């Protein structure tokens, strides 16, 4: 009956003409060819394998496959240690780098995961059930996945020891004396932390009280973990051993509080990873892998962009209340890549790298206004929430992690390279400005309108641009070095133009002001390191002695204005100095002897 309604069908409805049969058979043969072509020539994805392979036939497993963590390979200890597990009797294929390096395994994982993500990504699929991949704690606790990583192999890949041949001891006496002074300052701060706040997250040096705060979800000892690498590099071995012992005996990761994903990552995860790579102490690896898995549920969003706050016990996450429209912050979700790639390296679990590669995938897909990355992104829709761009607060370390990811990969992470230099091109075209006095600065961008302000946090960019100078577009190396030097000079000016020789939280270039804070709310200094960081990088890149001199100026200012009896404190106004005290005393004291007595006490306090 159906054929009668179709043109070209015989009246009897019993068959087709010979030419039509030939066309129909040709169509069927083409369909069969297409199916087998899809099986053998299209990208090797689990979705296709599930369609074309029988349930009894186990496909070969690659690093990025969906069943990497679910089954075992009996009788193959190398594959068991690596955590790459297929079905019973499965053949496991590994992509192996030809030369070992710090991130040899991580690069392998990253490439495999990255290619799969490009084929299969969509906002709906970026959210994977927690039961599948986030809750794999037991395997990490018994060390099955992490046991394949060999610290001794890692050490053999190093061109020189982590601390150098002579621990970086300078040859000239003045530099050595200055280095020892900085070391004394570290020991002074550490001893007071130990005396008044041991085990707490930080010391309040004016009140001599320990403080826990609500940034780390109930975790303790943030100052201890964050200081591990500094203590070790400075050769404060007794203090380092104290810190290591505390972590082994007292760092309890079974907390049930609300934590900043960003802060826990850079302080705890970053601190433990650095300590492990410096020392090879297994306790650091054990702790960091356990903690890393507690952070994975933050990525359970429709886009895979993590939210900013996570309960380390329940795994629930949400955005900061102050973040525009429930958005995630560029500098927070963009400051995970380095640590998470190394978590994959140590655990042989590609999931960590997959999570941060998905962030890149989304960022590459969405439109960027004038090539710029705004600071607020919705973890639900994957769209920008508002067009505020800054390389200071809210945006800063996203750019830093791009260039450092490229360098950390032994310059094989071409995606990071492309993203970084494209971002730099847009920043130069839209944000980099020159003041009437000749100072180069990086303004902020608010929906197309420039805010001629630069935050202290943005002063890291001098060093960042410097370390990226070698690998930019052809012929641009000197341009980037010059730009780095100019921005670092501007940040030094923000210090030198204050009474204390310390820089404000933010400084402006409008209404006649240049590199100075014009608002009372911007005049404070809270021991931020970004300016000194750029001095350090620029010294290493150029060996211009001015950078060491500028650093020493900051050391002297810290000693004079920030050192108190129990440590170092921030100050409220970098433009106010002890001269205000003298002005006050001018109208208070009559007896010169009494004045001398009081001044000596005040001098000790301010010193």
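The backbone N, Cα and C atoms fix where each Cβ goes, and this holds for glycine too.
On a predicted model such as this, the values are computed, not experimentally measured, just so you know.
Feature annotation from TrEMBL assigns transmembrane segment to 22-42.
As annotated by TrEMBL, region 'Disordered' applies to 100-145.
Under the heading compositional bias 'Basic and acidic residues', TrEMBL lists 125-136.
Neighbours of residue 263 (active site, proton donor), defined as other CB atoms within 10 A of its CB across all chains, total 17. The active site, proton donor annotation in TrEMBL covers 263 (among others).
Spatially close to residue 396 (active site) yet at least six residues away along the chain are 331, 390, 457, 458, 460, 461, judged by Cβ distances under 8 angstroms. Among the features that TrEMBL reports, active site is placed at 396 (among others).
Sequence-distant neighbours of residue 459 (disulfide bond) (same chain, 6+ residues apart, CB-CB distance under 8 A): 487, 488, 491, 494, 503, 530, 531, 533, 534. As annotated by TrEMBL, disulfide bond applies to 459-491.
There are 20 other CB atoms within 10 A of the CB of residue 505 (active site, proton donor), with all protein chains counted. Among the features that TrEMBL reports, active site, proton donor is placed at 505 (among others).
If you look up TrEMBL, you'll see 530 (among others) marked as active site. Residue 530 (active site) is surrounded by 21 other CB atoms, counting those within 10 A of its CB over all protein chains shown.
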Residue 491 (disulfide bond), number of other Cβ atoms within 10 Å: 27
Integer Cα-Cα distance in angstrom, residue 263 (active site, proton donor) to residue 505 (active site, proton donor): 20
